[in-house]
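Annotation comment: TrEMBL describes B:20-40, B:52-74, B:106-126, B:132-151, B:171-193, B:221-242, B:263-290 as transmembrane segment.
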Ligand SMILES: Nc1ncnc2c1ncn2[C@@H]1O[C@H](COP(=O)(O)OP(=O)(O)OP(=O)(O)O)[C@@H](O)[C@H]1O
Ligand SMILES: Nc1ncnc2c1ncn2[C@@H]1O[C@H](COP(=O)(O)OP(=O)(O)OP(=O)(O)O)[C@@H](O)[C@H]1O
Ligand SMILES: [Mg+2]
Ligand SMILES: [Mg+2]
């Protein structure tokens, strides 16, 4: 009899846990719905297929970088070099192609370079024990310099048809860049949530020493995350160049901040060890939808800064209040049970 | 006899400790000396009074912000809003003066607004428990928006003679902006190193919860630090506007990164609880001297990005290697004694 | 991959294994942590490590599991020389060490913590979470604990977190050597008993078991032999019963302590009511009332999770006090924060040294002085370095903190020495009411006995002392009166004279004889 | 004339000791507001060539759109005893203080692209360039012409998009010139079909902003687009293409340094024209004026370089080597 009650309690506890996790992202989802309703009511074209595709295209590069940041920030790392690296990669690939190196080898060379940058970042963090924030600030400066240097500061036009096609091609109405992002979200979301590698990222972010003592290899995992980020920036930069029809050394400034903001909005914490890919997806959607909407409904440009800040603050505050409430409820429940 | 040897050993140990602490900043000092020798040998104008004053003027705003960051980062906080806040303050003050409000009240209103921004940042961190990085990113966006909004995006020219004088006045050949920075470094360096308040900052950076249980009020201390930073940005922004002869809403982008870089270079750590104001001073000098020198010896502008990144990396790496070596030496010494 | 415990166990049964340390030395800047350590440990017996704080016990274990590299010497497992460069390599060879400081991942579930780094997964690396939960549940049942494998570790009490640590080490396949570094410092009796059952099981399975503790009664109960360390040197190994406890202590401390409780100067007068707590509750604890008199040592006992810590936190304003009143010397006081409490003369030494005690990155001096900012500064708030030096020096001396310099980072001290710094911090403030939450956690016997005398001396001066301890002999030995808590409420009280371990235990479990009789 | 040259040349010897730099070699600073943009890179390269031809050293400084970086560079030039400065200032309200500083140090300065001017718009030093408003004016007029020719003025599905950079004060007049010229030339054009969208000067953000406007107004099938710099208009081209609106659209660039690549595209591009203003001639021209000034000659206060529209048909001829 007693055993049965315990069982039941256990179950209802489980239920409440499941509900809580499902509800984890309630605020974000709510905000997205509100944003869509609001902007659509002002301009009905906001909720059109074209706009949603636009929105996804605009999100495609920052989305890839956000995947990298989701991994890195959960692992209690960070990366400020993606903007420079994406610009460098796009410029390099355009340059190689313009030197009549075929498209595929150009891509491979570019990706190899991008991966090397990731390795370099990892080495600074792992070997010289630099804080990732400052280490990747170094890379940011150096790579931006190299992006300008290799093309003498001038955008490199792309005329290779295969390269241009990459920027234009669609499959089921959806551009390649968006497909890449969607597939990456699914694959890396799965890896993060369900695999040993994914879980080890949470472990080293939660407590690097504990993870090491349990037999994990934090340095290796951190290296993989940085190299992944390098590759995402490389791929994203190449596709971006294809979309713009030129490799642009000055492009993608602040890319990393847009990505980090989305990731944090999605519930990843700078202290490491918490967060999900689903949250990042919602964060990206919210920010992109909001940004596009502001232009569409013609909010004066200066007010857009304010609106963006206010949205971020509002979403984070609501999330905090919801969590506080849940905590209080759980507490009250456990006091009653005691 | 035995007692005496012990005494002596104790002393030599003390000596080695003193030397170690003094040597803490050896790499930075060395780097500064090298930079000066190098650039002066290429261009003798580098080591001229004019250039050194230039260098200090250029450092004056970022120096003030770096003081704020030294406090905040030692307290395990951070602030990304200074650039926006300085621009906002300069613009606001110029605007008020252009509306025929006398200079002094204009300054006071501006500083009150800047302090409020600091309070706001502190409230987000203390009350909504936001990560300071993301909280101040919110402020950064909102304030930049307001800076543009209040002046409709156009720089506000300054014609008030007192205001203009602030940007020009010199005392003992040294401009006011530099005096403000020097005095602030001395005063706040003293407070950090020698007072109760300074000690509390190290404590809450080391462990906020523990510090609270030990009878400190972390929220209050964090609030003071943010308000201080607000005031530094306000003062800096006003003097900057005076120097530029106009309040510029678009100014000071990336100011916070320059400051943070100098602070970290100076030995403050993002984990909180460590660092000194002396280190920050050296960090600022090194970066500013290097930047000025690169222009003087005509390094191509794109290579300047690379050079700056490389300097940062080099300085941090040398510092790491020096520390490693010192640790090894100490180890060897204790092995020998054993 | 299969995760069954029985298979590798069979291998071990074939022959007894030996672990041999040969001339191991390990240095830290200014410290000789290990000096030419030579001895052996054998399977099928529980070997205790005994030594003062900073004697090098933890360091030796860290050398053993590849966390540190020895500067000299080597160790052999079954006669084979081993050089582990990482803990991973040690684990692969069947060596598990449970650290003195919890090494646990708060945001992960119990099952994920237990199987950290070796979650059951398919070839592609995809985790089978249900299997992990099932396996974890089995281990939890082996231990007889009422926790679910899916619970996040941060929602567990410290004691259960510690048990998760132990389960993590225990669950490793291919286990040959298991070392416990003060595993019971945050456990209460029932968990300790279940830990001992597990250790006995491991012993039957012929593992090499090393057990570090400062609790002599535990060593008596669970260990077979004791290796004694002093100042980084190995002294000797004695079998249980070979020498008396007294002699053992003498070997490690270098002097005779006698019966620590009997020798205390308990001769003091208990005065009027100093602190009165009326119906205090918080988000974490129900309404409770009690009184503390001048010169009194008031013990608090209870099982883990009884709410002792939480009650004290509410009193000093560390948690929001929902209802109730606190009177000090008859005057009503309101503690909105620990600072208010401190200004009123009430201080709390917290139980969780790592999270709530030490200021990481700060020196020993900085840590000891942090509650003394007012006393060590002038009216302009400028610190007097001389006073700071003095407070630190006094703390280091009084508590015999082993550190080469007051400027050493506190994180580089041994666990027990860190604890001494934390206690020294609050003692230095000269409070009226001193609340100690598990203050002797990890402190060696010699220091403990000095600390006990210090508590009695405080009481004699007219202070009130509240002592929360899970070590029953300690509460009974020191307290003039003992309050028992259960399920977030005070359920009973016994005087020093009528206190026995059995009585307190039964009250903590059933809910207090005073009430039900 | 020749007769006046000699005495003023002699006067320069005493009045402008900076010219004879202490190191013996002439050092000229070129300080440009956005030194990482193709426009200024080309302008600087031309200036460098001209200075080196005169036996001097040219120091190119990128002010990164930052007033502070800019002022640092000016101070740097003074500390380095520069012989002269050519500059494009990021913010014209600072002009007076810059001119004061340089004249106190006796260093001649020539404004390139954007004038150094006082509050009333009066030029303080000799200026070489084309003014921002004039560029916009040219673009606006050309677009109005295009609309008339193609019978778009009264068509309900035609719209005009002007990409603005409200945060960059020197670019604001470009967009304003475009708007003014277009509406003045075509008063009949429905002003409800004129849209503005703000971006930050990069192709990326120009693309996002343009795409949002195109999507918001699907009723518009024919887009006329111009903006505040060439990067942004390129972004608009890409947005038109991905929205499938490129066939009927007409984008006009500013500078032609990127438009030339659009013109080369075999499949054509929505970029139908661009104002061309030669960065070479401004770069070299500004140095020429500076050298004259250093030499003590009287120089023209304004040297306007013409801004002319180039199209796929004529750009090779007009731009010469710059078209490659
Ligand atoms: N990381 C480190 N850096 C410097 N010194 C250290 C470090 N770890 C330990 N020590 C020093 O090594 C000596 C031995 O410490 P250890 O932790 O092994 O002691 P212990 O016997 O476990 O003590 P306790 O009973 O207090 O846990 C101490 O003097 C300590 O200060
Ligand atoms: N941070 C926390 N979050 C949620 N619950 C908590 C937290 N801290 C404590 N609790 C809960 O509060 C109750 C009492 O905690 P705790 O175990 O500290 O009591 P205690 O009587 O002080 O025990 P002991 O000191 O022996 O560990 C437990 O049920 C515990 O799970
Ligand atoms: Mg230990
Ligand atoms: Mg407790």
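In case you wondered, yes, glycine gets a Cβ from its N, Cα and C as well.
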Are the transmembrane segment (B:221-242) and the transmembrane segment (B:263-290) close, by which I mean at least 3 Cβ pairs under 8 Å that are 6+ residues apart in sequence?
no
Of the stretches B:106-126, B:171-193, B:263-290, which racks up the most C-beta pairs under 8 Å with the transmembrane segment (B:52-74)?
B:263-290
Leading stretch by Cβ pairs under 8 Å, where the reference is the transmembrane segment (B:171-193) and the options are B:106-126, B:132-151, B:263-290:
B:263-290
Within the same chain, where does the transmembrane segment (B:263-290) have neighbours whose Cβ lies under 8 angstroms from its own Cβ atoms, ignoring anything closer than 6 residues to its ends? I mean 6 or more beyond.
24-25, 28-29, 31-32, 35-36, 39, 55-56, 58-59, 62-63, 66-67, 69-70, 73-76, 78, 185, 188-189, 192-193, 202-207, 307-308, 311-312, 315-316, 319
Please report, as numbers and ranges, the same-chain residues at least 6 past the borders of the transmembrane segment (B:132-151) whose CB is under 8 Å from any CB of it.
72, 77-81, 83-85, 87-88, 91-92, 94-95, 117, 120-121, 124-125, 247, 249-250, 256
